[in-house]
Structure formats: C-alpha cells, structure tokens
Amino acid sequence: MLRPATPLAVLLFAAFGLLTLATISTPIIKQIPLSSFEIKDVGDLSFGVFGYCTSSGCSPIEIGYDTSAFSDKINSDFDIPRATRSTLSSILIVHPVAALITLINFVLAIVAHFHSPSHSARYLLILFIVSFVDFIVCLLCFLVDVLLFIPHLSWGSYIVVAATILVAFCGLVTCAMRRTLVNRKANRKRIAENAEMSGENYYNRQAQTAPVTQVTGPQPTVPMISGANGGGDKLPEFTTFEKKDDRSEERIPLTSVSPIERSPATLVNDSTPPNFMDGAPSRSPSTTPVGRDQYGNPLPPQDGYAMRVGPQNERLNSRGRGGMPPGGYRGRGGFPGPGRGGGPPQNGRGGYGPPGRGRGGYGPPPRGYGGPGPRGGRGPPPQGYQGGPDRRPSPGAPYGPGPGVGTYGPSQPSPYANRQQSPGPQFAAPGYGNPEQPGPQYSAYNPRRVSLPRAESPPPLPGIDDGMPGPAVELDASPANRGVGQYGIRDSDSDVAGMLAMQQARVPDPDRGNDANGHSQEGPNDVYVPPRQAWNQGFVGSTPGLAPPTARGPTRPISEAVTATVASDYYEDVDPRFAEPSAAADKRPPPISMQSPPASNSYDDIPNRARSPAESENSNFTSISQRGINPRWNSANAPMPPPVAGVYAGGGGGGNVVPRRPVNRPGAGPADGSDLFLNSNPDFQLPGRGGNMPRAAGPR
C-alpha cells in the first residue's frame, strides 16, 4: 500500500545496497576496488575498505594500511604523503557505519507507513534526523575515499557517492513528510481557532433557529439482563421523535352559511313550514329542506305557509269600508278576521255543530259595513282577501297544509281544532266562514321566493257569491279518507293546483294519519262525503230558491260594486299597479232553471301514490302546458260571451259540457257562460255560488 513514506523507503534501500557493496570491496570482493592502479615491476594494485591486493596476493582483512611496506615508487604516485595516508586508511571504517545507519533509516521508513507514525510529527522528526546523520556519514566515506585514493579512484568509490546522494534525497523526503503533517495540523489548529472558518458560528445560528423538540416525561427503564453476554451498552434506550400534525382543529364545514348571511328570501325558502298544527299531519304534497344555523341547529319555523314575517304590502280596501277583514288562504272551514264584517271564531269544520267548532252553520252577521268575503275554500287565502279582488300575485311558497280541515257530519273534537280558518263569503254553504288570518302577513309576489312551480287557481268570478243562500243540505255520510280524494290528494283547489309538482315524481306526505285500509284515524264517528257530491247536492237544493233575474237588484251601492269589480277579472297576468279598471259589462242574471248535474267522478278508496293528470277520466290533457291560452286575456274592455244553454251559474252544464264547480268571487255579479275556460279539465273546477252582484267584463 502506497504511503507518503514509500518513496523514502525505496531510496534508503538503494543507498543501503550501494554502501553495502562499498563495504565488501577488496580484499573481500577483489572485483570491487575502491582504488586501483598499475605499477611497473609490481603489477596491478587495488585497495579496499579492509585491505589491498597485488598481483601476487591480498593482505589480511584489517582496518587501515601499513604504507611503509610499499616502495617509494608506489607512495610517490599518490598526492598525500605516506604518513597521512596511513592515518586516513583507518577512517575507511565509516563505510560499514554508513551502511548500518542507512539500514536503520530504511527500517524507520518502513514503520512510517503506519497511520500513527505517519501522522506523528515527532516520529517524522526522528526519521529526518537519522536521515541527516546517514547523509553525513555517507559523505564522510566519500571524502575519505577521495583523500586516500586520489588520483587513483576506482568505481567502488563512485558507488559511495551515489549512496550519499540517495541518502540526501531521503532526508528531503522525510523533511517534506514532516512539513506536510505539521502544516496540516497547523491548518486544523487555525480552523479550530477561527469560529467562522470552522462553522461554529453557522451551527450556533442553526441551533438558535431550530425548533424546540418536545421533551417527554421520564420513561420507565428496562431492567438489564445479566448473563454470559450481559452488559450495559452506552446506546440510548429511548428515542424521541417529533411528528408534525397536519390535521386541523377546525370542524366547521367550508360550505356552511351562517344565519347572518341569509337574506329574508333565503330564510323563507330554506325553512320548512310547520307540517303539524296541534298534532295534525301535513297535507302538503311537497316538502322544503330544513334550514340550519351555523351551529347545525334547525332554524325556528316560519308561519304555516312559508310566508316571510315583516312589513307587508296591504292591498287597497284591506280594512276600509266595503272591504273584507284579512283572512287566510282559500282553505276549508274559514272564518272572517277582526275586520269589519267578520264571522264566528275559527275552530275547523264539522257538521251542523255549534259555531265554535266544526264547519256547521254561519256565524253572526258581519259587523259594520264589511262586504262578503271569499268562499271557504281549500287553503288559506292570501293576506288582504277582504271582499274585493286581491291585486297581488299568488304566493310563491308551495301549497302548505290547509288549515281548518275537518270532516263532514256531527261535530267531533278534531286534531285540527286550533288550525286557522280561511275566509268565506257572506252567504256561503253551511260550515264556511270568514276567519281571521293572524300572524305573518303575505307580501307581494317575488320570483326569487318561488320554491316549486305550480298551477294557479283562478280567482272566483264576480257576481256569484252575492245571491241569497238556499236551504242547508244534509250531506250523505260515507266512510272514506278524511277529505282525501284520488291518489292521496284532497279535492281542493290548492291540491289540484299542485299537479305540476306531482308530475315531477313528488310523492304524498308519508306522515298522513291513515291506517292500512286507507281510512282516517281521526275517530269512529268521522264520516266523509266527496266534496263534489256535496256541492252538487247543495246546488240542487239551493238553486231553486234563487230569486228571478228581474226581481234581483243590487244589494250594494254602485260605487261599492265598481270598486269590487275593478280588478275582479285579474288573473295575475298583469302587475296590480298597472291593472286598468274595466268598464261595467252587461249585468245579466243567470237562468233560473240551471241546475248542476250530479258528479260523475268518485275519488273514494283510491290508493295513495303519485298521480298524473293523464289518469283523469274527463281530462283530454296530460299537462298544464297543453292547455290553450285564452285569446282574450289581454283585451281590456271586451264584453263577455252570452250564457251557454244548460250551464248553471257556477260553471257546470249539461249535454256534452263537463260539469265543474262555479268560480266564486266576492262582490261580483252572476256568472255567465264565459267562466267555462276550465271545463276541459275537471280537476281545476273551483267552488262558487250564485250571487246578486252584477259582474263586469274585463281581461282574463
């Protein structure tokens, strides 16, 4: 293995070999003379370190020569006198000494190949000193040879010169090795003393910026196992690692919306109207997702029909004279509110029971100058439905549960006893009243608040509810679902108007309280009569009692009638602010002999499931979009068509005309044949009764 001391060893080995040859010269090896010359009469003469040789023989091996034995001729050939040459001949002994020192130096060079001596400046210093001494001895040998044998030097003396030169080079190599080591150590020392060069400052800065490692508590030590191979090691028993936690403590979803960011319209659409009133199941065919606040709690429920609470836009004549007190939507069993012209309190509908509960009888006559309210329909009326046409669009919220829905027959404690009632006309069928619609008021139509598309129920035609009512008709009692018709839908305008939502595969509310046979669970005494049969029977009994057209006069002042019929034909196609009053049309009473044919459809015991208008027996249309558009809805002052033969004032008819319930509008005159625009679909027939108030023609 090559080391820095390898060249030194090679040089020393060569020098040692040369010195060895010079030492074993003549007389040991006669062929290696240090000096030789030829003398006449004597022959060849050669000299070595330990003697000389002549042609006749060699001297014994000894240190120094006896020059007196030579003739004067031999001594005269040398430059130094004979006595001096005899003294110098004894100094030839330095040749073996030089060879020995060279050998020692060679051994030291071999040792310098090891790591420890080679990295020791002191050892290299010793090697250098030995090399220097060796050089001096070799040089002395050469000088002795020159002084003693000049001018007859032989090649033996020259190899001593070569050995001296090699030893000199070995001294230089040793010096270089030591100098290199010393410089290396000096550099390390300087680097160690300089903090910037050694990186101490860098590591100090790193230590200052390094994160503090988490120090764990004292850990229990593991007992050392003693035995043949037992013994404690110096390695750490526990190692602590720090793991970065990437998980966030934030648990609030990024998509959550706090209640502060909700607008009033958003609150209305996101909140679910109460599906239950006093434990009553919901009758709404569709549901709205429940809104939640930023903590995941459900928002408080809104009013019964998902109408926003706040300042409302009251329509004209909402509480004035001639108007009707505010009531609910067109629902069943309505009663008037606290306006002028109210009725008995709200308590659902029943048979002919007391006015406090059930749908029987009329309330006390209106107080003050209030006009007739709308007929008690199938749902809560818009706010401000007070004897005159409501000039606001229909609410955009889905058809909610109709308050005040009870059963026909004797008055029973109903689970809907505390539900709000919808307003009814002044002269309505038994059980229809004019309740007040307390609580939140309905505001103007806002397209952004519409949650579900639905078909609009046309408002009642004017001049139908003004007539005197006929005698009360006892309704037939037949067991059926409590006010639920075909496919789990009530026979009301609000439920039929929601057919578009049913076409979108919306199923009925599963919370309806029906048993396995489809019958109501309200009580054993609850009976049900299909609404349309009740209307037909009511009209049969009440129509003959109507006064002749000539004997019927206006029951209210002309100005009041005009006020009630200014926008009576408004079908939410024009904003109420831009509706123009229409001229009074021909105020003709309906024929006396008109009677309603019996109902041809029965909706009893139909399984509750999603229904489609294509399953209607009398409808030729499968979608609301297939119905034609009334070509005269934009005509402002077009007269109404004459009455159709065989059609009674409520919109029913004989012959090929499909019967339907009359469209009722408070404060309007008797109906004519122009209200047959919905005869093509019996599901959109609206309730109505004859009145004594003339109607005015207007746009539809």
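Each Cβ is built from the backbone N, Cα and C atoms, and glycine gets one as well.
Model, not experiment: these values are computed from the prediction.
Per Swiss-Prot, these features apply:
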- 234-252: compositional bias 'Basic and acidic residues' (COMPBIAS)
- 320-378: compositional bias 'Gly residues' (COMPBIAS)
- 414-424: compositional bias 'Polar residues' (COMPBIAS)
- 593-603: compositional bias 'Polar residues' (COMPBIAS)
- 615-637: compositional bias 'Polar residues' (COMPBIAS)
- 657-671: compositional bias 'Low complexity' (COMPBIAS)
- 226-491: region 'Disordered' (REGION)
- 507-560: region 'Disordered' (REGION)
- 573-700: region 'Disordered' (REGION)
- 1-8: topological domain 'Cytoplasmic' (TOPO_DOM)
- 30-90: topological domain 'Extracellular' (TOPO_DOM)
- 112-123: topological domain 'Cytoplasmic' (TOPO_DOM)
- 145-152: topological domain 'Extracellular' (TOPO_DOM)
- 174-700: topological domain 'Cytoplasmic' (TOPO_DOM)
- 9-29: transmembrane segment (TRANSMEM)
- 91-111: transmembrane segment (TRANSMEM)
- 124-144: transmembrane segment (TRANSMEM)
- 153-173: transmembrane segment (TRANSMEM)
Original post:
In terms of Cβ proximity under 8 Å, which residues at least six beyond the ends of the transmembrane segment (9-29) contact it?
Top reply: 46-53, 58-61, 95-96, 98-99, 102-103, 105-106, 109-110, 112-113, 131, 134, 138, 141, 156-157, 159-160, 162-164, 166-167, 169-170, 173
Original post:
In the topological domain 'Extracellular' (145-152), how many residues does DSSP put in helix, strand and coil?
Top reply: 5 helix, 0 strand, 3 coil
Subject >> Spatial neighbours of the topological domain 'Cytoplasmic' (1-8) far in sequence, C-beta under 8 Å, 6+ residues away >> reply: 109-110, 112-113, 118, 127, 131, 170, 173-174, 177, 180
**OP:** Write out how many residues of the topological domain 'Cytoplasmic' (112-123) are helix, how many strand and how many coil, based on DSSP.
**Re:** 7 helix, 0 strand, 5 coil
Original post:
Sequence-remote contacts (6 or more beyond its ends) of the topological domain 'Cytoplasmic' (112-123), Cβ cut-off under 8 Å?
Top reply: 1, 3-6, 8-9, 177-178, 181-182, 185
Subject >> Tertiary contacts of the topological domain 'Extracellular' (145-152), as residues 6+ beyond its ends and Cβ separation under 8 Å >> reply: 34-37, 47, 77-80, 85, 88-89, 91-92, 160
**OP:** Report the mean pLDDT of the predicted model across the topological domain 'Cytoplasmic' (174-700), rounded to a whole number.
**Re:** 53
